[in-house]
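Inspection log for the structure reproduced underneath, given as structure tokens.
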Amino acid sequence: ISGGEKAIFDIIYPSYEPRFRPKQNDSDITVVTLRPTNFRILNVDALEQSIQFVLDFSQSWFDYRLMWARDTEATALKTIKVPESSLWAPDINPISSLARRSIIPTNRRVAEISFDGTVSKTDPSIVTMSCAMKVSRYPFDVQTCIINIGPWVYRRDELRLQLDSNNFTMKTEQSTSEWSVKDVGMNITQDNDNLDSLVLTVKLRRNSAYYVYAVVIPTFVNCCLCIFGLFMPTETSGVRFEKCMFPRDCLIVVILQVSLGVTCLLALAMLAGSATNNMPKAETIPFLGIYILATCVLCFLATTTTSILSFVHERVTTRRRHPSKWIARLLLCKGYDTSLRLRTSSIQAGVETSSPTAKLLKKIANAARDKLSAIRSEAQWTRIFDRFDIFAMIVYQTINIVMFIVVLCI
């Protein structure tokens, strides 16, 4: 300690009592000026709905007992520094904090005293506070956390707060990798207990790029592959289900289609699980959960649609049903063949129809005609159901793309 500091210390401290608030009469109010100097987000725990941050703000107030006259060489100093524990200081701390740890130990903190009685000190701390999370727009959400800072004991008629935010600085690179600080608002309020408090309104924006690349895009690709796999032709010959000539074969085809749909749904369920591991359990379904659920429903509907088409295709083919003209025209099948109808009479006039040879020829002609009609009918049904496949694939794929674009535009 220098000689000047010791001389000033000997002047002001013999009669100084640090246990009592500085007041010359009972109506005096101590005004504490708060200057936020540092605010840094350390961690945001969405599951526990808490926020951890570094908070540093300077406090200054007037204490008439700590004034000295600069009329001698020994007392010419403008300021001196003394241990904080040797002074009266307002009990201003974060209110309702879950945990608080001072970066500088109490026995090593110092305060600065000016000759005019102004006392200044800082107390950088690591604070953990609860912050209610609204996850309806997860992972494109913006969270608002309210931090109250104020005295524990002194009421407004004893101690008042005022804000000086000129020196407040907060850099964007001080945010965490998952969260960025969008805005910090400050104002002085009065609570129901007639206590002043500094309210920090911190708006945090979640960095959603990770969720887009790790969840949204894989979900979109998985749904695309599911729809293409269900509705694309199985062979290059143009026959939709060449193996589906017997009910047992068609059952195998349907089972394979359902297996593809179930596999895609399982992949979507795993993506949903990875996305919701770090999300708080809330009553509302988050936006990302709605998107994954919508893609699951879309894959389910696509699987159901292709299974129904397979079943109907097998029925109309094995039962030798001919397609109606309106179905062919509706699906733009211009090559509808009217010769598919069976003719009841085709034996030319002058041929003896009662002879065994004529009967055999007629039987062979009818059989060949039936076979040709069946082949043409199957080809016509194949074209019709190909159009159904293309139409369903376009509809479901369009819905999938629209949902993906909506998610990216949020």
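Glycine residues also receive a Cβ, built from the backbone N, Cα and C atoms like all the rest.
What TrEMBL lists as domain 'Neurotransmitter-gated ion-channel ligand-binding' is 7-207.
Same-chain neighbours of the transmembrane segment (210-231): 139, 178, 257, 260-261, 264, 267-268, 271, 274-275, 288, 291-292, 295, 298-299, 302-303, 305-306, 389-390, 392-393, 396-397, 400, 404, 407-408, counting only residues six or more beyond its ends whose CB sits under 8 Å from a CB of the stretch. Look at TrEMBL and you will find 210-231 (among others) tagged as transmembrane segment.
The transmembrane segment annotation in TrEMBL covers 251-273 (among others).
For 285-312 (among others), the entry in TrEMBL reads transmembrane segment. Tertiary proximity for the transmembrane segment (285-312) is limited to same-chain residues at least six positions away from its ends with a CB under 8 Å from its CB atoms, namely 135-141, 211, 215-216, 219-220, 222-223, 226-227, 230-231, 241, 244, 250, 253-254, 257-258, 260-262, 264-265, 268-269, 271-272, 275-276, 279, 385, 388-389, 392, 396, 399-400, 403, 407, 410.
If you look up TrEMBL, you'll see 390-408 (among others) marked as transmembrane segment.
Cβ atoms under 8 Å from those of the transmembrane segment (390-408) belong to residues 212, 216, 220, 223-224, 227-228, 230-232, 287, 291, 294-295, 298, 301-302, 305-306, 309, 331 of the same chain, restricted to positions at least 6 beyond its ends.
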